[in-house]
Amino acid sequence: MKKLVLLRHGESTWNKENRFTGWTDVDLTPKGAEEAHNSGRLLREAGFTFDIAYTSVLKRAIRTLWIVLDEMDQMWIPVESSWRLNERHYGALQGLNKLETAVAYGEEQVLIWRRSYDIRPPALTPDDPRYPGCDPRYRNLPKQDIPLTECLQDTVSRFLPYWRESIAPQVKSDKSVLITAHGNSLRALVMYLDNLSEGEIMELNIPTGIPLVYELDDGLKPIRSYYLGDQAKIEQAMQVVANQGKILPNL
């Protein structure tokens, strides 16, 4: 049996402010840092050790990984960072408050932008200061690979080749792998691993800072998956994610 652990970064400053973040490089809040520390403790106490870790090129995921590995006394393991693990690019919505956007465009439209599989939000223009082509970390990317907006399908299309070429071979060779990334890049992988439909993926909410463990067979098909931690708190954290963008959230 092979094990893979997925971890969404801890709460970021824009998670706290309920903003569409996407490729904007915001940092963790103190709560987010504590979520990362707690994830590291949970993994250590459950007996996990890792051979290699993967993360995005965005600091909220990178810092989460640093904290987790520090808690586990495993900061020495190899780490690979790739833009392909970045959060989904939210286009012109990046920086906007989700609740205010729901008031302006309607709760249903915001839900479609956030959770649908193949509908993109309004795009940035290349002269927008938020355009990632202006960021030096992407200077070696072909222009056609730099998004102006993305739907989840686009995120799947950029993530899965990296999974197949870089990550999956490590898992198949019995390496213990940790992926610290983002809500939508991890939704893309979960959709693939669990063979979820487009309708099912709309209902999937991945909370910040809680390890999701996959036990896989030799063909990397899931045997089971589960979150580490207190189940009541996990369900509450999932509901917080689900309520983002609702005009009258049921808190």
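Using the three backbone atoms N, Cα and C, a Cβ is placed for every residue, glycine included.
Note that the structure is predicted; figures quoted are calculated from it, not measured.
Cβ contacts within 10 Å of HIS9 (active site, tele-phosphohistidine intermediate), excluding its own Cβ and spanning all protein chains shown: 31. What Swiss-Prot records for HIS9 is active site, tele-phosphohistidine intermediate, and it gives sequence analysis as the kind of evidence.
Around the Cβ of GLU87 (active site, proton donor/acceptor), the same chain contributes THR21, GLY22, TRP23, SER56, LEU58, ALA181, HIS182, GLY183, ASN184, SER185, each under 8 angstroms and 6 or more positions distant in sequence. Per Swiss-Prot, active site, proton donor/acceptor is recorded for GLU87.
The DSSP secondary structure for ARG88 (substrate binding site) is coil. Marked as substrate binding site by Swiss-Prot on the basis of sequence analysis: 8-15, 21-22, ARG60, 87-90, LYS98, 114-115, 183-184.
As annotated by Swiss-Prot, site 'Transition state stabilizer' applies to HIS182.
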### Summary
Within 10 angstroms of the C-beta of GLY183 (substrate binding site), the count of other C-beta atoms across all shown chains comes to 21
### Query
In which DSSP state, out of helix, strand and coil, do we find ARG8 (substrate binding site)?
strand
### Query
Given ARG88 (substrate binding site) and HIS9 (active site, tele-phosphohistidine intermediate), what distance in Å do their CA atoms have, once rounded to a whole number?
14
### Message
Let me make sure I understand the structure: which of the recorded positions listed (ARG8, ARG88, LYS98, HIS182) has the fewest other Cβ atoms within 10 A of its Cβ?
### Response
LYS98
## Note on the structure
Given the binding-site residues GLU11, TRP14, GLY22, the candidate whose Cβ has the fewest other Cβ atoms within 10 Å is TRP14
